[in-house]
Amino acid sequence: MPGSSKSGGVGGLPSSPHTASPSRPLRPSRYVPVSAATAFLVGSTTLFFCFTCPWLSEQFSVAVPIYNGVIFLFVLANFCMATFMDPGIFPRADEDEDKEDDFRAPLYKTVEIRGIQVRMKWCSTCRFYRPPRCSHCSVCDNCVEDFDHHCPWVNNCIGRRNYRYFFLFLLSLTVHIMGVFGFGLLYVLYHTQQLDRVHSAVTMAVMCVAGLFFIPVAGLTGFHMVLVARGRTTNEQVTGKFRGGVNPFTNGCWKNVSHVLCSSQAPRYLGRKRKPHSVVVQPPFLRPQLTDTQLAAKVLDNGIHGDLHRSKSSLEMMESQSCDAEPPPPKPELRYPALSRGHQGQHTEESSLLNKAPPTPTMYKYRPTYSSPGKNHTALTHAYANQSSQQPGFRSEPSLDGREAPGERGGGGLGGGGDRPGGGGAPGSGGGGIPGYSLGGRSYPSFSDPTVLSSGGGGGASHSSSVRSGSAHNATHVSEATTSTSYKSLANQTPPPRNGSLSYDSLLTPSESPDFESAAPDMSPGHHRTPAPPPILGYSSPYLSAQLSQQRDAELHQPSASSVALLSSPHRAHYLQESHPHSHHSQPPPSSAAPNPPLLPAPLLSDSAAPHHYPYRTRSTDTPLAPSTHPPRSPHPPPLGKSLSYSSAAAAEMQYRMVRKASASAGGGGAGGGIHAPKDEIQMKLFSRTNGQPRSSISSSGSTPSSPSHPISMSTRPGQAYPSPGNTQSPAHKPGGGVKKVTGVGGTTYEISV
Amino acid sequence: MFHNLQELRQSPSLATKVFIQRDYSEGTVCRFQIKFPSELGSRIERTLFEDTVKTLNTYYAEAEKVGGQSYMEGCLACATAYFIFLCMETRYEKVLKKISGYIQEQNEKIYAPRGLLLTDPVERGMRVIEVSVFEDRGSSGSSPSSNVSSGISQR
């Protein structure tokens, strides 16, 4: 079977039904056209050689049958190569190549080829994003490289490896038919008196067959000659991909022709001899020496690397989604590019996040992280569980910090909270109950931890619903959007997050003590058990802190708002001092992500005590603005969502500021209008990715807050396929046109031509 | 090969796989992205990795070059009704062999000592370069995306 590896040419099985799809039923009907074609070709030519050629060779020259023989041999050789050669079948991707994409990846990924956006579709059968010009043949059930078409006459796909032979087969067959017809005509013309003889009858029959087949074959040959000259495949021509547009795969007529005819035989992917790995990998392993910048980046961005990477992936996902004009596919087909897969040449902006400030406003940095859902999901659930398990003493703060010893938290409600800042010091991990704080070893600034985010996200969703009762909480919205987006496929998010969200909610809206208090009792019993990572802490910005400190007094008197006291400046200073040492290894200071120096202290607040305050912080900030508009809650919610994994505190703050500005400018209705930016992003992603329950969950949770609050001009996503009630938008969007803007990681805005 | 659990536990276990995707910015020619993935940031120097990928890209460009040798190969194949493919190795296959040797050498010299392994892209249909990251017992959990297996390589 498979041809020897030496021969790049004579490949092996006909269209690899055995290797690529082991369990294919035998369908005899597939072999009818190829059998008929073979019969006609061989039969007619044999008759021609037997009945017509002897006389021709005697009459004219022996070169006639030799010429015809050579042409016929050429036809046969190309016919056999086209029939039996592997067209360029891609082997199925390994499980680990797509293990994280299984139910979250977008259906399309976009790449830019010579300035033209080309979509790569996810192949659910083969489990990878189809390279450009690759297509999945339903007859053969394989993805074929440079897929041209499936030819029934050879019962094989025509792809990169055998297109040349197919083309030459057509050419030679045309020549052969012309030769047979011509010489047959010659014979008949010389035997007009003996047409009743067998030889003449046979010759005439052969001529009829030849003449009959000449028209379609010549037509097909001419068609393919044009295709070769233009550098297109049949698939592209028939589907009109480049109709009126530019073909990014063409190199000019001459180069196209030479590529088809003169390029080296492409290698086979299936049935190769696999060299066993003879290299032994044994620890101890060498480690690279980190340069100073790398060290700095590491310190600052502890964990952001992964997040940025994730964000990159999610950015690409967003882009591909934005490019996708089709309605979102059903959930099983949705794919998230693997984190590691996300790299695309054009997304180099992502990496810049590591080392320098993003070029675009940080508000665009908020992107749901589409990291491995499995991992994050469990982490999130766990986070929420921890959160709820937090001691009831801190009603005001969601027990997001699973790490902290319950005793610490329970240190007496709010009062304890005030003192906690330093003490609690959940060493980096998680800052106490502040949602969005990374749990466990990952000390990402607030939003960086995917687990935190996801948990936050989940909670956020439910949060918003509870919070909504009060003032519109942008932050809540954001978080909820984030959450729901992150978990489109995670169905079991609701119960735990709800608790967490409740607590989170209360944290977010300190000003709404009544709401909070009503919610608090619900929370206390259950929530504080779950150590929810407090991602929000990372977002605590000086701005927010300042705002919160204003509210401090009001909050202080509220039992639920006790945590707010923590945010008060005096406490904060103390808190900051104490938490500072922690912040460095627990959460990378947001400065890494955002160059804003004032934000540096923000992560410090993320310490145990700070988390408590965080939700209040947002509230307090909102309160002053309430009269004018619905000030965006704060960047707090976003961190909760998984998507905010890489948002640093600075980013959160920036976003908050922008949101606030936007809402302020919008003048009202801004309930979380500003915050909508991230949320919209999230929603956008969510909708583009899922058409299942997550969307509904988003709509249910997000619609209310979002609908009234779109004062800011968030252009609706051009992708009308996403019927997001919440008006999924990204701030950077430009409606309509042939260009979609998608905000990507680090706030970069990408323009994708539709 | 391993005869007891002790030995099994001593071998490093696969932590994660990093995939280097194709760079399609210049069309469908075989090129891989040179961008350094963040997961490898702590495992290997950027320059080493980028050199490897750049060299691979050069090899592939050489394999796909349409020039005199490939033209002669095509004519010869045509003339012999493609029977020549039974005896002769095509240019692409020759370069693939070179690439395979290069990857083997890189693995032995550079990647295996760092707990990494490159997989020949041709095994994946030339869509990705698969970099297997093995768990280093001293660094569990350092890579954010690594699903560190519980198996610990004890020494």
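The backbone N, Cα and C atoms fix where each Cβ goes, glycine too.
Note that the structure is predicted; figures quoted are calculated from it, not measured.
Database features (TrEMBL):
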type	residues	note
REGION	A:1-26	region 'Disordered'
TRANSMEM	A:31-57	transmembrane segment
TRANSMEM	A:63-84	transmembrane segment
DOMAIN	A:119-239	domain 'Palmitoyltransferase DHHC'
TRANSMEM	A:165-190	transmembrane segment
TRANSMEM	A:202-227	transmembrane segment
REGION	A:314-646	region 'Disordered'
COMPBIAS	A:398-407	compositional bias 'Basic and acidic residues'
COMPBIAS	A:408-439	compositional bias 'Gly residues'
COMPBIAS	A:462-471	compositional bias 'Low complexity'
COMPBIAS	A:472-493	compositional bias 'Polar residues'
COMPBIAS	A:500-512	compositional bias 'Polar residues'
COMPBIAS	A:542-551	compositional bias 'Polar residues'
COMPBIAS	A:587-601	compositional bias 'Pro residues'
COMPBIAS	A:602-612	compositional bias 'Low complexity'
COMPBIAS	A:629-640	compositional bias 'Pro residues'
REGION	A:661-754	region 'Disordered'
COMPBIAS	A:666-675	compositional bias 'Gly residues'
COMPBIAS	A:694-715	compositional bias 'Low complexity'
COMPBIAS	A:735-747	compositional bias 'Gly residues'
Would the transmembrane segment (A:202-227) and the transmembrane segment (A:31-57) count as touching if the test is at least 3 Cβ pairs under 8 Å, pairs 6 or more apart?
yes
Over the domain 'Palmitoyltransferase DHHC' (A:119-239), what does the predicted model average in pLDDT?
92
What else in the chain is close to the transmembrane segment (A:165-190), if you only count residues 6 or more beyond its ends and a Cβ gap under 8 Å?
41, 44-45, 48, 52-53, 55-56, 59, 64, 67-68, 71-72, 74-75, 78-79, 81-82, 85, 148, 151, 154, 158, 199-200, 203-204, 206-207, 210-211, 213-214, 217-218, 220-221, 224, 228, 260-261
Counting only residues 6 or more past its boundaries, what in the same chain has a CB within less than 8 Å of a CB in the transmembrane segment (A:63-84)?
9-14, 34, 38, 41-42, 45, 48-49, 53, 56-57, 151, 154-156, 158, 162, 165-166, 168-169, 172-173, 175-176, 179-180, 183
Counts by DSSP class (helix H/G/I, strand E/B, coil) across the domain 'Palmitoyltransferase DHHC' (A:119-239):
70 helix, 19 strand, 32 coil
